[in-house]
Amino acid sequence: MKQKLVMAGNGMAGVAFVEQLLKLNPHKYEITIIGAEPHPNYNRIMLSSVLAGDSELKDIVLNDWDWYRDNQITLHTGHTVTGIDAKKKNIKTDQGLVVEYDELVLATGSLPFMLPLPGADKEGVIAFRDIKDCNTMIETSKKHKKAVVIGGGLLGLEAARGLLNLNMEVSVVHIFQHLMERQLDPTGSKMLQEQLESQGMKFLLEKQSDSIIGKKRVQGLKFKDGTEVEADLVVMAVGIKPNVQLARDSGIEVNRGIVVNDFMQTSVPGIYSLGECAEHRGIVYGLVAPLYEQGAVLAKKLAGSETAGYAGSVLSTKLKVSGVQVFSAGRFTDEPGTKALRVQDDLSGIYKKVVFQDGKVVGAVLFGDTAEGSKLFSLIRKGEDFTGREREVLFGAEGSGGKGGGGTADLVEAMSGDEIVCGCNGVTKDTIVEAIKEKGCVSIGEIKACTKASGSCGGCKPLVEEILALTLGADNVQKVQEGICGCTLHTRDEIVEAIMSMKLTTSKEVMHVLEWKNPEGCSKCRPALNYYLGMVFPEEHDDELESRFVNERNHANIQKDGTFSVVPRIYGGVTTPEELQRIADVAKKYDVPLVKITGGQRIDLLGVKKDDLPHMWKDLDMPSGYAYGKALRTVKTCVGNTFCRFGTQDSIGMGIAMEKKFERLNTPAKIKLAVSGCPRNCAESTIKDLGVVAIDGGWEIYVGGNGGTRVRAAELLVKVKTEDEVLEWTGAFLQHYRETANFNERTAEWVQRVGLQNVKDALALQADREALVARIEKTLGLMKDPWQQIIENEDLRKAFDSLTARSPDPSAGGADNRAQGALVEKPPTE
Ligand SMILES: Cc1cc2nc3c(=O)[nH]c(=O)nc-3n(C[C@H](O)[C@H](O)[C@H](O)COP(=O)(O)OP(=O)(O)OC[C@H]3O[C@@H](n4cnc5c(N)ncnc54)[C@H](O)[C@@H]3O)c2cc1C
Ligand SMILES: NC(=O)c1ccc[n+]([C@@H]2O[C@H](COP(=O)([O-])OP(=O)(O)OC[C@H]3O[C@@H](n4cnc5c(N)ncnc54)[C@H](O)[C@@H]3O)[C@@H](O)[C@H]2O)c1
Ligand code: SF4
Ligand code: FES
């Protein structure tokens, strides 16, 4: 008869242990798991990504309901274990359930530490620990503007980045002078602060919180120095405390955490503990890598296999904030007896520090370029002696900037099979090699799907790539590729090629023919396929509305309060008294709460009710400005030579001609154009996807520029003489971009990826330009104004209305609508 194994806690550490146990001895136990949260085990690490809008709950589930069922595990979610009777060997839950055990595992994790400030119980003061907190933040951002995060550690900064993505104004309050002082030295910390400030984060450093201000809901935070900051939301991210109450109440020895020996045994026979609630040799861990190592030991112990026990872990961390690369491992501070090798390149924003003791690497900090993180972490764990040749670690044996320390390839070769490569998911080298050799994985994407390695923080990707290359052999390395999303291993180019060669015209066909793993697709591939199909076969492919993002389906941008914004097209930013009168009349008639001039020189009517949209479009009698779409947005113009005394050309006329020609064009990502009448460049043409600047006797065309979060100056594509040439080059450039960029890739990223010279080469010949222009014109000839279509076509109007019925909560950015499968994107900008 099977023994009964019961586990309190359905989190990352506990379930990873059960997975290991099932591999070693699948039939030994009848397993029951009790979890307080209502979900199956999900990847807590990826909550930062959910908050940042890059994934949804369903994307981060590690073990779905079927997994428990397939492994005959009884799962009770929404139950909290409240008592243990170690004599009778049973546990009871808050719902009155009593379960008997032979072996009991406590994997209750941590609780967020909440500063005991006066007023901390007010509405809007939360932690960031679980899905519920994530949803609270997403919901709050729809109604409120100002967020304050207390704590400038890993969690606080990831929370702050997510809140910025939710369009909140974010201030991070930190008690010390330097952010992430547990992971970074002052230099790295300062560079991090500057980078995050450039993303819009504000910092209040060396501030001690005193009290939370507000009535029922938080209105601000007061500091001990008497100053205050306004806040509609306060997120506390000041550390965690092990969740030990259950163990303590049950007479199990507890210090900071539940005290365990090297075999994860507590002071009470038959009761084990692991994860963030456990304390081993005086240390309580707060990252997943050590928890997986503990799980592997406990699995062996309970499976009856041999194990030397758990001896503690060295830690490494990586901040998961897009646009910022930070890695830290081991002992990185300057202590007596240590020496550091430092490389600082302020021009490229790169900083590397490697700390040695007795010739061995004991710690490292990397900022700006973290590619060597895995290698350094491995060197720390291996303890290889570099006495007299320390520089090789960063500069290679020749001191030439090579990979040093034997390079990643040598390191990977020297790794033992049971060494963990992916700390976030506890994946060993053996598991990855097995996935490559036995399950036929040939790409990072496949290995991720098969083993989960590289699927969380991404820090182990260079190591996984190296293992792949070594295992497959150099000749097969070119086979290594990532699919466009987890549903497929096919790259963008393969998909487009298949669409063209097999004449595929629907997403379903593509998914079927290319054997999508998930036949429904996901929020990444569905809109991408719809775009590629429309780009290749503009006539044959029927636009798949259900694959479009929610704003595109509504032909209007959803605002945080659930209302919509309406932006009619105003060609080149030029309007007339009659048009202005109509806009004013519509704004009055529909009680529009805010009329705003946008950065793109047009007028935004904000706060419109969903039901009013078609009526307003009709009354406005103006084309859609596509302010919601992956399409041509605006053509900004300066006054030009019509009125400006510096103007050399008619920038307004040129801009209007461009907007009239390319309006409604579907593009991989939004497109903004501009035309300036002289090199003073008042229309900011050099931070646009395509910007035109008038010069004496002609025009310069710049491409690949971007304002917004990642500013990039556009680069000169060509100088031309006539307006017709401007239109021809613009058409050719846009079509080349449409045909070769990845879906969702802005021109700035695309030009950077493919190189300006390649773009120039593709457009150099007149014949090639003409062919591209012919193709773009074919597409443009088919495009119709979506507002007009809905006004005129009864069927489309009904479909639009039923869209309302299917999304009763128009604030479709919310978790509910995400769950229903509505595709939601980050907020758009003009
Ligand atoms: C936003 C965020 C980002 C993070 N990013 C990283 C990262 O990049 N890298 C990294 O290494 N780590 C990261 N971490 C930390 C990592 O998530 C934790 O180390 C890990 O989840 C701990 O696993 P655990 O199983 O010990 O605890 P948990 O994952 O907290 O699981 C414990 C579970 O037990 C349940 N439970 C508690 N008490 C009871 C009870 N009495 N009865 C029943 N159930 C109970 C809890 O509800 C919980 O679901 C992050 C954490 C957060 C919050
Ligand atoms: N990328 C990652 O690896 C990652 C991401 C998120 C969370 N985590 C883990 O989750 C856990 C929780 O993260 P965390 O950042 O809350 O914990 P932490 O203990 O690492 O950092 C808390 C930070 O808050 C600061 N702080 C403490 N009291 C303060 C106060 N009164 N006012 C202002 N600042 C104060 C501390 O100086 C510290 O920098 C940790 O174990 C962390 O390692 C890891
Ligand atoms: S860019 Fe030149 S032409 Fe245009 S408004 Fe400025 S100064 Fe005048
Ligand atoms: S180490 Fe984070 S995903 Fe592998």
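Using N, Cα and C of the backbone, Cβ positions are placed for all residues, glycine too.
Note: TrEMBL annotation is automatic and uncurated.
Remember, predicted model here, so these are calculated numbers, not experimental data.
For the ranges 381-410, 801-830, the feature annotated in TrEMBL as region 'Disordered' maps to 801-830. Taking Cys638, Cys644, Cys678, Cys682 as the candidate binding-site residues, the subset whose CB lies under 6 angstroms from any atom of ligand 2 is empty. Listed in chain order, the extra residues whose Cβ falls within 8 Å of the Cβ center of the [4Fe-4S] cluster site residues Cys638, Cys644, Cys678, Cys682 are Val639, Gly640, Phe646, Gly647, Ser651, Ser676, Gly677, Arg680, Asn681, Ala683. Sorting each residue of the domain 'BFD-like [2Fe-2S]-binding' (420-469) by its DSSP state yields 26 helix, 5 strand, 19 coil. Only pairs six or more apart in sequence are counted, and the domain 'Nitrite/Sulfite reductase ferredoxin-like' (558-621) with the domain 'BFD-like [2Fe-2S]-binding' (484-533) gives fewer than three Cβ pairs under 8 Å, not enough to call it a contact.
The Cβ neighbour count for Cys644 ([4Fe-4S] cluster binding site), using a 10 Å radius over every protein chain in view, is 16. Taken as a whole, the domain 'FAD/NAD(P)-binding' (4-280) shows an average pLDDT of 95 in this prediction. Secondary structure of the domain 'Nitrite/Sulfite reductase ferredoxin-like' (558-621) per DSSP, as helix, strand and coil residue counts: 27 helix, 15 strand, 22 coil.
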